[in-house]
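A quick write-up on the structure given underneath.
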Amino acid sequence: KYENVEKGDEAPKKCGVTHTNLESDEPIEKASQLFGTSEQQRFDPRHIELVIVADHGMVMKHNGDLTAVRTWLHQIGNNLNVMFADLNIRITMAGLEMWSEKDLIDIQSAASETLRLFGEWRERYLLNRRMHDNAQLLTTVNLDGDTVGLAYVGGMCDPKNSVGIVQDHSRIAREVAATMAHELGHNLGMAHDGNQCNCGANGCVMSEEIIERTSYQFSDCSKEEYRTFLDNHNPQRILNEPLRTDTVSTPVYGNVLQNSPHPCCDPVTCKPKAWEHCISGPCCRDCKFLRPGTVCRVARGDWNDDFCTGRSSECESNPWNFWNH
């Protein structure tokens, strides 16, 4: 939901995104395509050390299985790296925090208030425990209206304002990652795309609404706004490449956030080999997509089984689940 609030000269702007559609099943590009394009040569390399905080509802959503939560967060982080590649930005997971016992702030459906509280908590507590550039709160709380995310515009590297909140609104990791990328885009000075903005698709990352067949690329407008943010603010923190000791890892295959040996990867670059389909995901086995119709998520309650499409490593949502609810 679009929101642009200013209270005096010091109050930061806030912008969000609304969710209006079903998820698409288009496969995201492989990690081997991430870096080295001519487009990203327009930007100097930047490194964002990110902390993702999962609220208590996220832990309960996964039946208290912290490994499952951690896996989900890394899947989101991997997708973020793909989306920010054209800007020559590498996302490094500086930390994962899971509120396993209770929420450490009062998470409300009022997105602006939750964002404010999360920013204050980050400044007071999180920065004292772990150095990082940005923090995103992932919550199961239904944010007000159609809002699924909110962030401060231009807040990157500010102790209180380098934050965003994202509702865990989809069972497909890249859809949630697209919302988180949108909020990170706001933190990097990007506004919502107007009708004149183009990324080669109907909807870009900074579109005000998540529409059907959403693109996972930033528009020409977003790239210019990002360049303006860099010129005006010169954020020094995101110039430094983080040490490996400052990152967290997970046994999930395909962790492009930190190099790790894997049979699908080139042993030198740890990028997927050219002839392989995938390196991770519930629909990836032996570096290949599983056959269409393979069950990847067993039915629960009145939900139907979800199946692999044969075109993606993701476990796509069964459309019958949406038609019947």
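From the backbone N, Cα and C atoms, a Cβ is placed for every residue, glycine too.
The model shown is predicted, which means the values in this text are computed figures rather than measured ones.
The pyrrolidone carboxylic acid annotation in Swiss-Prot covers GLN40 (among others).
Marked as Zn(2+) binding site by Swiss-Prot on the basis of similarity to another entry: HIS182, HIS186, HIS192. Annotation note: HIS182 (Zn(2+) binding site) sits in a helical segment as assigned by DSSP.
Here Swiss-Prot flags GLU183 as active site, drawing on sequence analysis.
Taken from Swiss-Prot, the feature disulfide bond covers CYS197-CYS221 (among others). Proximity of CYS197 (disulfide bond) to non-local residues of its own chain (separation of 6 or more, Cβ distance below 8 Å) is seen for CYS204, MET206, SER219, ASP220, CYS221, SER222, given in sequence order. The secondary structure of CYS197 (disulfide bond), as reduced to three states from DSSP, is coil rather than helix or strand.
The disulfide bond annotation in Swiss-Prot covers CYS199-CYS204 (among others), and the record cites sequence analysis as its basis. Of all the Cβ atoms in the protein chains shown, 24 others lie within 10 Å of the Cβ of CYS204 (disulfide bond).
Confidence for the domain 'Disintegrin' (250-322), expressed as mean pLDDT, is 68. Positions annotated as domain 'Disintegrin' by Swiss-Prot: 250-322.
The pyrrolidone carboxylic acid feature in Swiss-Prot is assigned to GLN258 (among others); the stated evidence is experimental evidence.
The disulfide bond feature in Swiss-Prot is assigned to CYS264-CYS287 (among others). In the three-state DSSP scheme, CYS287 (disulfide bond) is classed as coil. Using a 10 Å Cβ-Cβ cutoff, CYS287 (disulfide bond) registers 19 neighbours.
What Swiss-Prot lists as disulfide bond is CYS278-CYS284 (among others). In this structure, CYS278 (disulfide bond) belongs to neither helix nor strand by DSSP; it is coil.
Per Swiss-Prot, the feature disulfide bond maps to CYS283-CYS308 (among others). Taking Cβ-Cβ distances under 8 Å and a sequence separation of 6 or more, the neighbours of CYS283 (disulfide bond) in its chain are PHE289, LEU290, THR294, CYS296, CYS308, THR309, SER312, SER313, GLU314, CYS315.
Look at CYS315 (disulfide bond): DSSP puts it in coil. According to Swiss-Prot, the disulfide bond annotation covers CYS296-CYS315 (among others).
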DSSP state at CYS204 (disulfide bond), helix/strand/coil: coil
Structural state of CYS296 (disulfide bond), classified by DSSP into three states: strand
Cα distance (Å, whole number) from CYS199 (disulfide bond) to HIS192 (Zn(2+) binding site): 13
Neighbour tally for HIS192 (Zn(2+) binding site), based on other Cβ positions within 10 Å of its Cβ: 21
Alpha-carbon distance [CYS287 (disulfide bond); HIS182 (Zn(2+) binding site)] in Å: 30
